[in-house]
Amino acid sequence: MSAPSHAASPAEENSPKMRVIRVGTRKSQLARIQTDSVVAMLKTLNPGLQFEIIAMSTTGDKILDTALSKIGEKSLFTKELEHALEKNDRGGMDGAEMEAAAWTLLLPPSHLSRVDLVVHSLKDLPTVLPPGFTIGAVCKRENPYDAVVFHPKFVGKTLETLPEKSVVGTSSLRRAAQLQRKFPHLQFKSIRGNLNTRLQKLDELQEFSAIILAAAGLQRMGWQNRVGQILHPEECMYAVGQGALGVEVRAKDQDILDLVGMLHHPETLLCCIAERAFLKHLEGGCSVPVAVHTAIQDGQLYLTGGVWSLDGSESMQETMQATIHVPAQHEDGPEDDPQLVGITAQNIPRAAQLAAENLGTSLANLLLNKGAKNILDVARQLNDAH
């Protein structure tokens with residue numbers, strides 16, 4: 001006769017052995033694939049732990065008729081997820097407030113504020129996070145470049161060989177500014193929606209000859225066969241953090257920080273600290289065209305950064321390098337490790353992180369001293385006016 005089953009008490013459920021780790025994610029297919037990959041890595045490192053994935057919609061997912069750069073919200077794809085990550089945001093709520101808040105997050109009331117970590121595309125995370133949050137892991141970067149997907153009738157073409165006045169879809173000012181400069185015979189138009197939606201618009205409407213998407217997203221979805229052209233840095237530099245996943249946690253939740261910290265990929269982490277420091281010092285965001293390219297070679301971190309006017313007619317870019325020690329594996333850093341550009345990495349040497357941050361800040365200062373602020377200010381004003 002089998003023993004009677006035992007339901008875990010709340011105390012048991014929160015013990016290290018029994019605790020269920022709740023993982024927040026956006027609802028799109030790509031977000032779920034990305035989150036599943038992070039959970040799979042965590043399970044490999046912690047086979048005894050259980051994980052529950054909780055999907056929700058964000059502001060950026062709901063507003064689909066406006067270009068991202070026009071919405072004026074820095075946390076478009078993160079704010080609702082951060083609400084769910086806050087540890088005690090149910091304190092002081094009555095039942096009606098609980099239901100209203102849960103409805104806003106598209107979650108049952110029982111799940112409100114019950115996630116322990118959230119998986120994001122790192123490029124969606126602002127360089128300054130709300131108080132109480134930190135990026136506890138920067139996972140190994142996939143291909144950071146942009147890719148061109150062509151309408152079926154233009155398969156085999158490149159951007160250069162598309163007919164005059166062909167319309168190319170992109171939701172990014174960064175891509176449009178660089179590509180208008182490089183391919184003046186093309187027209188660029190905003191296209192919104194998740195990857196599935198944008199590919200459907202490309203294939204079913206006769207509006208676009210091609211669309212520009214992040215190569216990493218297409219790879220993760222298994223749609224490499226749709227890639228008609230990869231855009232290399234001389235054609236189009238990529239967004240800060242593009243191709244990397246970031247795991248956001250509560251800054252004071254040491255258990256979860258320890259859990260996810262093993263996912264830090266040292267080389268990706270140092271590149272992304274430099275990129276985020278560059279963007280932060282420029283005060284850039286999705287409302288201005290800013291792009292980067294990083295590489296680590298022979299103990300040197302190379303950072304190229306650029307700014308563009310909205311139409312691409314004005315641009316400025318420079319490259320700087322710094323000597324950097326990339327640890328072969330995780331090493332002990334300081335126990336009380338304050339954040340750098342929103343990232344906490346307690347198992348990566350602090351000196352390497354500071355060198356990367358300083359490189360990003362120095363490159364931003366170089367561009368600002370050469371007049372980049374004027375280009376960015378005009379771009380911001382024009383974008384706001386439109």
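Yeah, the Cβs are placed from backbone N, Cα and C, and that goes for glycine too.
As given in TrEMBL:
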{"type": "DOMAIN", "residues": "21-88", "note": "domain 'Porphobilinogen deaminase N-terminal'"}
{"type": "DOMAIN", "residues": "114-257", "note": "domain 'Porphobilinogen deaminase N-terminal'"}
{"type": "DOMAIN", "residues": "270-341", "note": "domain 'Porphobilinogen deaminase C-terminal'"}
Give the residue counts of the domain 'Porphobilinogen deaminase N-terminal' (114-257) per reduced DSSP state, in the order helix, strand, coil.
40 helix, 39 strand, 65 coil
Rounded mean pLDDT for the residues that make up the domain 'Porphobilinogen deaminase N-terminal' (21-88):
72
What are the DSSP helix, strand and coil residue counts for the domain 'Porphobilinogen deaminase C-terminal' (270-341)?
13 helix, 27 strand, 32 coil
